[in-house]
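One structure is given below, encoded as structure tokens.
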């Protein structure tokens, strides 16, 4: 079954990746499972980074990695879901886009843990000034940094202005517009006007972009970019670290509609790699930009000369076999390696099994859009029914199905453990996290469903999500909740959930990964769930359509705060008890690599390997 | 005297023609082996609920604490789980037995439906030369030219109404899709036989005494075609059982959590769990092998008896 997943829409970055985060339990898991967990923490010689050398004899992950070689990636999917920085919003597309684009600021990667990659460093901006009121940022760009590929001119501040003006192009809207509605002065007005431009004609979009300005986004000269907000935002720089705010040369980008094959083949790269060849279904070859200016890029060491993504391995089994046999070094679109593979790596105490807390989580979303009037959807509007669902779920079983402690831990709240404002609690605890069917039945009876409830349950078809679906079906049946499973191919699931006519009450395969680690609480509590930022309608993630004025007030209080943690914690307690979705478990990211991989690095943004900082050496 | 002899001789010959065919088939070694194997499979399918009751394991019931390790890996064969468990803690033996039901439930109706439709088309095409024959034969060729998997995948994908619910029961749809492809083989076979029969003297004789064409086809030609078609039914059945497994393997056939051999093999393969629990793969794999072998042996046995030269 192949599928080129497409998760554009406002879907967020998670669909594909999944690996929970186990946080503290990890420590004990690691102890028990040996080395596996901490990941190749620099073994013997903790060398520096440096991009030279030829020996290639460092230990797996430590030492001074040798530059050169080819990093080979086996992709489970037959194509990338996105490559345009405007629309890429999945952890896997972000992994590749990181090699092809640069931003104003970024995260440099961490050898130890995804959640440790929280230090923002200058990227294309060499420095910036913040106004006293905290609302205006003035960025000073580096000199002499050029595009590669379809353009080779120098990157200027106007390229950022153009990229941001593209955000609300009716032909292809930026994937996470909710961040930007609140970020730039005048952005909302600009977008309302842009929405009136008829889609389908790139020339009309170009004319609009050329003739309209966003008051909060300007470039006084080629090296200076000024971004202004109506309010102070403590996470403003973090928002700019996402690939949406990448410079694009208008003379190239304006020629193509959206993320087309033509665009991908004529990609104007601002990163250390450029596209050498691209054949969907076969391979993507990235070559290092000749004479890349390493001094001007503190975040991406770009050790390898070439990155090859192989799109021909379309089963989990085939992907891990390629890695085990040394025909590939990394995987792409593989949420979690098969259990048996993890177990093999653990048993041999392999340094090529990496696992890290990631703050990602899985949950059950509920179809709350007003058009949903099925008996199941109506029932789920009652808090007691949602509580019954929360009590009926057996989280221990789901954690086990994910691979046990190395891979997941039960979750009962919205905010996960690597995110600002997290305070561990579960408003609906059950003994051993194994569910409480009796309590669930009682709540259902009180809500008016003494004979149980039947729900149409959509799930994404792949090995993992099918396991979750059949496990939930078995466990919820004990509480009198019958799930009518409706499988949907991954490539169609976003569209299916977005279509108001689709029939579904619950979506069993919902997941998210933090857009960045640490202060990213805005993504959920100030984004998906905040009806000011994400009103119900097209683009509302998974049709969550949650509307809680109390939460909106708390979010508005948190954004400009100097100490937003406690505010978010309060919001989390409020919303978690109200169950806009049913939390299931938090995932750790688990990855396996070949024995050629050196200098293992996690990326906060991609929530997995940082291919711009990994090196390769001879097989051991 | 001579009359009596003749009558006896005829009666004897008739005897040899009727019952001994069955007896001859039973005496044929490969047919006998096949019947035994198929009998075992049918018995297994029928007795699946008994096995479920004896073990206390329902086909979709999960035994996560007993049959899975803490890290989610299934246990191998043991006293309680004779063939071990799958990735969700379900009994592989019980699921394999229930899988036999799906295989037969899909395979037999699909093949029979194909036989009926294909034979009807073949009879008409063979009996009416000229335009009718050309049209029907062309239709058969066109149907044959469709690639099975690709067409089946799109048909099954189309089986989702605007509300997301399947328009037709997935099992029924798989039956229809398979017979949609299998009828062509019966049509070609039948047409070839009828073309030969049409010019035989007994057909001409019947026509000359004014027998209606419909009666001629049904009463004279069909009985001559049926034995061969029946043999072909046994040959086509295992092919169609594999087709069901293929569709389920590709995720468009029988839906989870219902057990089918194709589903089980796909799950074992996708999750790589066959590496730690080989019986997850071997259980349904061997069952499928036995079934296909059994029906093929029956087919070849019957052919040996009915058509020794062939």
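Glycine too: its Cβ is placed from the backbone N, Cα and C atoms.
Remember, TrEMBL labels are computer predictions, not curated facts.
Keep in mind it's a predicted model, so treat the numbers as computed, not measured.
If you check TrEMBL, you get these features:
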- B:100-299: domain 'ABC transmembrane type-1' (DOMAIN)
- B:33-54: transmembrane segment (TRANSMEM)
- B:102-128: transmembrane segment (TRANSMEM)
- B:135-158: transmembrane segment (TRANSMEM)
- B:170-190: transmembrane segment (TRANSMEM)
- B:216-235: transmembrane segment (TRANSMEM)
- B:278-298: transmembrane segment (TRANSMEM)
Taking the transmembrane segment (B:278-298) as the reference, which of B:33-54, B:102-128, B:170-190, B:216-235 gives the largest number of Cβ pairs under 8 angstroms? B:33-54
Residues outside the transmembrane segment (B:170-190) whose C-beta sits under 8 Å from one of its C-beta atoms, at least 6 past its ends, are 102, 105-106, 109-111, 113-115, 117-119, 121-123, 125-126, 136, 140, 143-144, 146, 148, 151-152, 155-156, 159, 225, 228-229, 232, 236, 239-240, 243-244, 247-248, 253-255
Chain residues outside the transmembrane segment (B:216-235) and at least six past its termini with a C-beta under 8 angstroms from it: 111-112, 115, 119, 122-123, 127, 185-186, 189-190, 193-194, 197-198, 202-203, 206-207, 295-296, 298-299, 302-303, 306-307
Any residues 6+ beyond the ends of the transmembrane segment (B:33-54) with a Cβ under 8 Å from its own? 26, 93-94, 97-98, 100-101, 103-104, 287, 290-291, 293-301
